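Colleague: This is the structure I have questions about; it appears just below.
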């Protein structure tokens, strides 16, 4: 990410650590984003991010804000590893024939985004069910008219229970529900993020060959991350809706991306595609800012320095 040359193993360590720290810091905002995106007309429990977090703490306690965090913390390291390794791989091969142009940078980002959905899709699928469980439970208490008569309140499932249930009922395809929407989100995100970060970072370089100062890389990461996040937010709304298994009785269900788009447009209007955009920007910007801190401190290189060196 930064301009200094970093070995791939160090990048993977840095990306994994940054992901773990970042998820721990911003997960409550991500939970608010999911719940706000899943609200449909007539089902509005939360009016804003702060309202969602306050009501979540009141009804579910402090740790209610971390529903689904274990899934993210477990899978965020391999996700970052795949994304970073794929981006490096494509950039290396695309630069063999000369300068890495903007188009080639975008192609490398496209390849990285495509590869990462191997891990991203099941991670998001499980995380969304766990994050949204509190919203469904709150609907039962505060808006009982949205729940069918005689419905018994179910206990919130664990990630392992959800995984087992999905595999048993639908096989591996159950974990990859919403794959198309995830691709439509992550590929454009990487196409926007990687070139934008690289070019913003280059604007602050010290001289022609010198590295950019830390604060330039930090701001570049935040700006590029939040810009890409807001740009793909409409697809993120679609992905969240498609991957949500539990709904109120009066909430729409969807058969695919186009069905989801048409029903949202018809029933909620175009502004519904911006639901959670503010939260998503607040989630993504710190994640990439934290990543820059980890890279600047050279955490991965420091850890690798303790490994025995091979004799040449």
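Note that Cβ sites are derived from N, Cα and C of the backbone, with glycine treated the same way.
Whatever TrEMBL says is automated annotation, not expert-curated.
Sequence annotations record features per position, and here TrEMBL assigns repeat 'Solcar' to 6-93, 100-203, 212-301. The feature transmembrane segment is assigned by TrEMBL to 281-304.
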Colleague: Summarise the repeat 'Solcar' (100-203) as counts of helix, strand and coil residues per DSSP.
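Modeller: DSSP composition of the repeat 'Solcar' (100-203): 85 helix, 0 strand, 19 coil.
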Colleague: Go ahead and report the DSSP secondary structure tallies for the repeat 'Solcar' (212-301): helix first, then strand, then coil.
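Modeller: Per DSSP, the residues of the repeat 'Solcar' (212-301) fall into 69 helix, 0 strand, 21 coil.
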Colleague: Where does the mean pLDDT land for the repeat 'Solcar' (6-93)?
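Modeller: A mean pLDDT of 86 is what the predicted model shows over the repeat 'Solcar' (6-93).
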